[in-house]
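J.: So Swiss-Prot lists these for the protein:
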- 1: N-acetylmethionine (MOD_RES)
- 6: phosphoserine (MOD_RES)
- 91-125: domain 'EF-hand 1' (DOMAIN)
- 104, 107, 109, 114: Ca(2+) 1 binding site (BINDING)
- 132, 220: Ca(2+) 4 binding site (BINDING)
- 134-167: domain 'EF-hand 2' (DOMAIN)
- 147, 149, 151, 153, 158: Ca(2+) 2 binding site (BINDING)
- 164-199: domain 'EF-hand 3' (DOMAIN)
- 177, 179, 181, 183, 188: Ca(2+) 3 binding site (BINDING)
- 200-228: domain 'EF-hand 4' (DOMAIN)
- 229-263: domain 'EF-hand 5' (DOMAIN)
């Protein structure tokens, strides 16, 4: 077993997927109708290489302490069939359920390819969002970190949770793109991440900029969303493993590989 020490600082605001958010049904309705709508370090040898390996690990692992304690997203709901309508569902949720049936295909699940097509159709209707488009590898990663039952696809509740977050984070992105460049600059990034519910330390911000931003430190929309989806998933994973709330977790090698390889 190895101990993952706390890495982040401060308190995140309320994140997560509470409710569908304003205009979600309209956005997807527009999509259907056509309306506008730093990589890991090399392994050290045995014995004397342990200290170096741990220092590298400490700089890479996004272990979550105080920030995770104050980040309280709703858990991804259990998978249910899209047609299982609950009596207390709002009309907006029911409308989303009907649209999901059109988007998901015959198996009523959203694959990485289907997610990529959906997201790229949406962003083409928002010329103010600078993006190279959502690639298949990005969408595979997004599906993996949201795939609570490891089917390789997103069911209705999983997709609804993801979509709700994307809509919320799109609003944050536009709010903090103060120079209207279509990107988030390195100076705008901390405020944007805090508004999205994540308050990180400077070291992790620098890591994120190197991983998700261009050479000028600017982050476009697809990288912004991809990064936040990953952060949300890592926060939730850490909180689920930190059962006693100490800000530390212990995982064995199999648990670590499962957590990191399918993401």
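Each residue, glycine too, has its Cβ placed from N, Cα and C.
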J.: May I ask which residues of the same chain, at least 6 positions away in sequence, place their Cβ under 8 angstroms from the Cβ of residue 109 (Ca(2+) 1 binding site)?
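T.: Residue 109 (Ca(2+) 1 binding site) has long-range Cβ partners 151, 153, 154, 155.
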J.: Given the binding-site residues 104, 107, 114, 147, 149, 220, which lie within 10 A of residue 183 (Ca(2+) 3 binding site) by CA-CA distance?
T.: 220
J.: If you skip the near sequence neighbours and keep only those at least six away, which residues in the chain come within under 8 angstroms of residue 181 (Ca(2+) 3 binding site), Cβ to Cβ?
T.: 130, 218
J.: Looking only at the domain 'EF-hand 2' (134-167), what is the mean pLDDT?
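T.: 89, rounded to a whole number.
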J.: Using the CB centroid of 177, 179, 181, 183, 188 as the Ca(2+) 3 site centre, which other residues of the same chain sit with their CB within 8 A?
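T.: Near the Ca(2+) 3 site, the remaining chain residues are 176, 178, 180, 182, 184, 185, 218.
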J.: Around the Ca(2+) 1 site (104, 107, 109, 114), what further same-chain residues have their C-beta within 8 angstroms of the site's C-beta centre?
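T.: What remains near the Cβ centre is 103, 105, 106, 108, 110, 111, 153, 154.
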J.: On a C-alpha basis, identify the one among 114, 132, 158, 220 that is nearest to residue 188 (Ca(2+) 3 binding site); the candidates are the binding-site residues.
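T.: Closest recorded candidate to residue 188 (Ca(2+) 3 binding site) by Cα: 220.
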J.: For residue 107 (Ca(2+) 1 binding site), which DSSP three-state class applies?
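T.: Going by the DSSP assignment, residue 107 (Ca(2+) 1 binding site) belongs to neither helix nor strand, so it counts as coil.
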J.: 10 Å Cβ neighbour count around residue 151 (Ca(2+) 2 binding site)?
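T.: Total other Cβ atoms inside 10 Å, all chains included: 14.
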